[in-house]
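Trainee: Let me begin by handing over the structure; questions about it come next.
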């Protein structure tokens, strides 16, 4: 919410990357909301979150959609940053505001089309053996179909883009040093990108790897719900907590750096004080 508020209030959405940042915040907000919905269902009726029910289809579908949207936004931000750094090398293409809006629309369309498949009939309310143990009434084949390619995309594409950014910055630094010029800017930029990319990778690894392992366990498991209670469901809840931590970590990594946030809040406070003073006059 803080990301969305600061971007809208400071009218920072003219930049293509700001649109992607704001959309990432919206995805994280939906993830938190759907996770809260599932938690409330667990509090009121724990059995339906373990053995499955039609009431779980909608919150699980929203949860899946929001997680997919977050993954696609993270991938889009990595690609946009790569194109921005490589802009001087590839002057034929430049990311514009319309491109970012189109990417946002495509990301949400793809996330909704994949996340809402259980609502359209791909569920296991009457199936039996193919029912997911961790996420009933989802089908195991649906979870594998959604999880495997998206986890690969979430890990490989940011790895490629941020490594390419570091390589480009290092080449420019070496080129400037060969010409006898100072390369402190590129050195600091390379260090900052390396730190950010490592943080992004560690956050993604800690957050999505247990969920991925849970889906693999779900696909290879042959035991029923009662045999796995309660240990497996404690693990499932821990994976949900880790995904929520991702929603809290994304703003800190991408947008809410303390200096920038403090400067924007100060500007908003001055703008609000100026308006109040003008109204009083």
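Cβ atoms are placed via backbone N, Cα and C, with glycine included.
Pasting the relevant annotations from TrEMBL:
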DOMAIN    1-254  domain 'G-protein coupled receptors family 1 profile'
TRANSMEM  17-40  transmembrane segment
TRANSMEM  60-79  transmembrane segment
TRANSMEM  100-122  transmembrane segment
TRANSMEM  142-167  transmembrane segment
TRANSMEM  198-217  transmembrane segment
TRANSMEM  233-256  transmembrane segment
Trainee: Under 8 angstroms, Cβ to Cβ: which one of 17-40, 60-79, 142-167, 233-256 has the largest number of such pairs with the transmembrane segment (198-217)?
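Mentor: Ranked by Cβ pairs under 8 Å, first place goes to 233-256.
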Trainee: Restricting to the same chain and to residues at least six past its boundaries, which positions have a Cβ under 8 Å from a Cβ of the transmembrane segment (17-40)?
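Mentor: Same-chain residues near the transmembrane segment (17-40) but 6 or more away: 1, 3-4, 7-8, 49, 56, 59-60, 62-63, 65-67, 69-70, 73-74, 76-77, 80-81, 84, 97, 100-101, 103-104, 107, 240, 243-244, 246-248, 250-251, 254-255.
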Trainee: Report the mean pLDDT of the predicted model across the domain 'G-protein coupled receptors family 1 profile' (1-254), rounded to a whole number.
Mentor: 79
Trainee: How about long-range neighbours of the transmembrane segment (233-256): same chain, 6 or more residues beyond its ends, C-beta under 8 Å?
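Mentor: Contacts with the transmembrane segment (233-256): 2-3, 6-7, 21, 24-25, 28-29, 31-32, 35, 38, 50, 67, 70, 74, 77, 134-135, 196, 199-200, 203-204, 206-208, 210-211, 214.
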